[in-house]
Amino acid sequence: MHPAHLLVLLAVCVSLLGASDIPPLPLNLAQFGFMIKCANHRSRPVSHYMDYGCYCGKGGSGTPVDELDRCCQVHDECYGEAEKRFKCVPYMTLYSWKCYGTAPSCNTKTDCQRFVCNCDAKAAECFARSPYQNKNWNINTKARCK
């Protein structure tokens, strides 16, 4: 084997090893991302909603910094209600839905799926009507979310 081929093979192996450390998103979060794109045809990447304010992203505490952050707080509470009512895991719950223009519409069977889908649809619609303020992206949550 030529040395150049060995280098390419080594590079592929190293990159695959690095990629194996990146955890995949739960499928529900991927669905939620598509739902956000449906409701909100803005050009902002969905990833910008993952680290916004005190509630958009993992966890959440304190007072929401604005209307958009409040959407995330309500979404978190909705998922908490799904866990209590239906003993399901919202982040792992897949559901069926369609996009009609800018309106996500849930058409799923089980109570848990329907509830989680409605949580996501309401949040996506809330995101669409709430202004995005760059100053609230990637904030110091320890200082601002008390």
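Keep in mind that glycine also has a Cβ here, set from the backbone N, Cα and C atoms.
Per Swiss-Prot, the features are as follows:
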type	residues	note
SIGNAL	1-27	signal peptide
DISULFID	C38-C99	disulfide bond
DISULFID	C54-C145	disulfide bond
BINDING	Y55, G57, G59, D76	Ca(2+) binding site
DISULFID	C56-C72	disulfide bond
DISULFID	C71-C126	disulfide bond
ACT_SITE	H75	active site
DISULFID	C78-C119	disulfide bond
DISULFID	C88-C112	disulfide bond
DISULFID	C106-C117	disulfide bond
ACT_SITE	D120	active site
List, in sequence order, the residues of the same chain other than Y55, G57, G59, D76 whose Cβ lies within 8 Å of the centroid of the Cβ atoms of the recorded Ca(2+) site. C54, C56, K58, G60, S61, C72, Q73
What subset of the recorded positions Y55, C88, C119, D120 lies within 10 angstroms of H75 (active site), using C-alpha positions? Y55, C119, D120
How many Å separate the Cα atoms of C72 (disulfide bond) and G57 (Ca(2+) binding site)? 8
For C117 (disulfide bond) and C38 (disulfide bond), the CA-to-CA distance in whole Å is 14
Distance, C71 (disulfide bond) to C56 (disulfide bond) (CA atoms, angstrom): 8
Do me a favour and check the Cα-Cα span between C38 (disulfide bond) and D120 (active site); whole Å is fine. 11
Pick out which of the binding-site residues G57, G59 has the most other Cβ atoms within 10 Å of its own Cβ. G57
Among the disulfide-bonded residues C38, C88, C117, C126, point out the residue whose Cβ has the most other Cβ atoms within 10 Å, with all shown protein chains included in the count. C117
Among C54, C78 [disulfide-bonded residues], residue with fewest other Cβ within 10 Å: C78
Among all the protein chains here, how many other CB atoms are within 10 A of the CB of C72 (disulfide bond)? 23
If we take the Cα of Y55 (Ca(2+) binding site) and draw a 10 Å sphere, the recorded positions of C71, C106, D120 inside it are C71
Starting from D120 (active site), work out which of the recorded positions listed here (C54, G59, C78, C88, C99, C145) have their Cα within 10 Å, and give them in sequence order. C78
C78 (disulfide bond) to C112 (disulfide bond): how many Å between their Cα atoms? 12
